[in-house]
Amino acid sequence: MNEDIKNNLNNLDEFSGKIIVGLDEAGRGPVIGPMVIASVKINEKDLYKLQDLGLKDSKQLSKKKREELYVKISEICNVKKIVIAPEKIDEQMEITNLNKIELSAFSKLANHFIKENENISIYIDACSSNEQSFSNQFKAKLINKNVEIIAEHKADENYKIVSAASIIAKVTRDNVIEEYKKTFGEIGSGYPSDPKTKKFLKKYVHENKGLPKIARKSWATSKNLLKEIEESKIFQWVK
């Protein structure tokens, strides 16, 4: 990590009119539900308000704590979100990959704030293993190529502004999952490794001979379940 950048971000003795933006996502890997991209914007002189909240990466917080912080962050910062539905993810995965889908959403949110203020620094949780390449691709999509970009792995742990975006994204996705449960019952977290999610999908597919609309059909988990159904049909026909 660039310690000079980090120290400069957290140095609140010198106020300026600079705008700080944090970007992060939630729901990149699940087989069920949307991917949420969130951005939070704050004036550099107001960063202490976020620091006073004791922010952490959303994964390190309880559900109750995340929800409490969501409200406080929304009061302090300008918050914007993009919710990419499962069917939209499937549609885009036919022509591109998840990194580029995420990158496109990140840049759309960033450009919204750049239009309002060019004196801006953007902190972003890099979704690529190559931070520099990710940073270059992100900057290429911006309407102003001169803005400061800090793209790092685990930025949600290292910078409060990204922690805030992480919490906004996570709570937004969790709320969508809770709405799904009202219709479909227990579906778990939506992640392929979750036994509850696997149980729900397998039961649904076998009973309905297809996937629910809340599932990402382009995911290996979904494809394997559909393959099981097809093989079952063939077996019954041969039998």
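Numbers here mean position along the shown chain, with the first residue as 1.
From the backbone N, Cα and C atoms, a Cβ is placed for every residue, glycine too.
The domain 'RNase H type-2' annotation in Swiss-Prot covers 18-231 and is backed by sequence analysis.
Under the heading divalent metal cation binding site, Swiss-Prot lists D24, E25, D125, citing sequence analysis as support. Every protein chain shown contributes to the tally, and the Cβ of E25 (divalent metal cation binding site) ends up with 25 other Cβ atoms within 10 Å. In the three-state DSSP scheme, E25 (divalent metal cation binding site) is classed as strand.
Taking the mean position of the Cβ atoms of D24, E25, D125 as the divalent metal cation site, the remaining residues of that chain whose Cβ falls within 8 Å of it are L23, A26, I37, A38, I124, C127, A155, D156, V162, A165, S166, A169.
Cβ-based crowding with a 10 Å cutoff singles out D24 as the top-ranked of the binding-site residues D24, D125. According to its DSSP assignment, D125 (divalent metal cation binding site) is in a strand.
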